[in-house]
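Notes for the one structure printed next.
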Amino acid sequence: MANYFNTLNLRQQLAQLGKCRFMGRDEFADGASYLQGKKVVIVGCGAQGLNQGLNMRDSGLDISYALRKEAIAEKRASWRKATENGFKVGTYEELIPQADLVVNLTPDKQHSDVVRTVQPLMKDGAALGYSHGFNIVEVGEQIRKDITVVMVAPKCPGTEVREEYKRGFGVPTLIAVHPENDPKGEGMAIAKAWAAATGGHRAGVLESSFVAEVKSDLMGEQTILCGMLQAGSLLCFDKLVEEGTDPAYAEKLIQFGWETITEALKQGGITLMMDRLSNPAKLRAYALSEQLKEIMAPLFQKHMDDIISGEFSSGMMADWANDDKKLLTWREETGKTAFETAPQYEGKIGEQEYFDKGVLMIAMVKAGVELAFETMVDSGIIEESAYYESLHELPLIANTIARKRLYEMNVVISDTAEYGNYLFSYACVPLLKPFMAELQPGDLGKAIPEGAVDNAQLRDVNEAIRCHAIEQVGKKLRGYMTDMKRIAVAG
């Protein structure tokens, strides 16, 4: 099979990369009615599989789970989760032939095997659903021409998808129809009904493409969402300890600092995050972020280039074929780092202390968010898509680090995201070491003293922060998410 994106001509590539339309709430007036009375079979009962299924059932849909025979016979975790929640569970052979919509929510590396198994069992004219388009775009999976292929991609972990639904809300969601597989022209109706059934229509839905979702998702998770947080954690911890900070305190400042800082980001973008600093600290954070952007821009561009060309995917799939040798080696090495093995700090760190003593961390967040956004937009991805794959998801990933450090982040994210994270962080850490050596007192671990600032300089910095394109689009998109619950649990 050939990478689907690479089979397109340039005009087609640009058209699919640039497909992004914010959908009006009136477009979801029919809710999930298009799928009511039809059989929806979910393959996979992980975080997305279970929680999307719970939401869809609560929205009145007929949901069941198709699992492998051995998973049922051995009563594995997927079988236990589905049965304990009262769902009908059966084998592929028992459930797939009756399904009107088969939703594949297994891990990326299992998609080819799953699709090749279920496709011959699917009835004529059925639909196949994904929540991530890697299998279609990067693997180039060929789907029977009578099958409609759609995507509904919530921009949150599965647990958040469920919690927001229970609150009567939802999470921002991308939907798409694969242009090669919409024989009856019903793909958009199916995707809209599925999105409504998960509650996504209450938080904002973007009509996108499989290509735009995959390329932007890969870029975001590799760079700012996971790679930058991992590289920043390791670099900042080592710097603090090198300068005499208690390792336990240093670990807590970083582990919970990302979450506290990005909670401000979630509520009011980069502007609010920077406004939490004193004026001297804001000017310093801005200067540091500009330096970081200049240093890291080529690395961000390389990741985007490798994602667009398919180089990243081919390398990762080669590692799949080699029993994940690189992934497992990197995972083991990360677990042995000083940050991951540092003792726990029993004292309390106040919320403002994370800002006052984390100026460098704030600069890293600002630089990483802006670079990821700018690089995606420069590559043809529309601003709304770039926002969701950079700034929007960052607080959610930071929250995983607050639970159990980098270990938890890498457990929760997909293997695809984890592989890309290591590629980025292993390149970024040595790249930034000379920069780290030149830091000034007050950049990390100590507060910058209050002092006089130049009014014109402060005015210009504030203007530059607020006028960045990500702040403009973010203000609009956050307007649809004002009811989402607060994430941070740091203390």
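Using N, Cα and C of the backbone, Cβ positions are placed for all residues, glycine too.
Listed by Swiss-Prot as binding NADP(+) are Cys45, Gly46, Ala47, Gln48, Arg68, Arg76, Ser78, Asp108, Lys109, Gln110; the candidate from Gly18, Gly133, Gly140, Gly158 that the record includes in that site is Gly158. Among the candidates Asp124, Asp146, Asp182, Asp217, the residue that Swiss-Prot names alongside Glu389, Glu393 for the Mg(2+) 2 site is Asp217.
Here the domain 'KARI C-terminal knotted 2' (345-484) has, by DSSP, the following mix of helix, strand and coil residues: 101 helix, 0 strand, 39 coil.
Cα-Cα distances to Asp217 (Mg(2+) 2 binding site) place His132 within 10 Å, out of the recorded positions Cys45, Ala47, Ser78, Lys109, His132, Ser414. Note: the CA-CA distance between Ser78 (NADP(+) binding site) and Ser414 (substrate binding site) rounds to 17 Å. Ranking the binding-site residues Ser78, Ser414 by C-beta neighbours within 10 Å puts Ser78 at the top. A count of other CB atoms within 10 A of each Cβ picks out Cys45 as the most crowded of the binding-site residues Cys45, Ala47. For Arg68 (NADP(+) binding site), the same-chain residues lying six or more positions away in sequence with a CB closer than 8 A to its CB are Thr91, Tyr92. Farthest C-alpha pair in the NADP(+)-binding residues Cys45, Gly46, Ala47, Gln48, Arg68, Arg76, Ser78, Asp108, Lys109, Gln110, Gly158: 22 Å apart. Of His132, Glu221, Glu389, Glu393, Ser414, all annotated as recorded positions, the residue with the shortest Cα distance to Ala47 (NADP(+) binding site) is Ser414.
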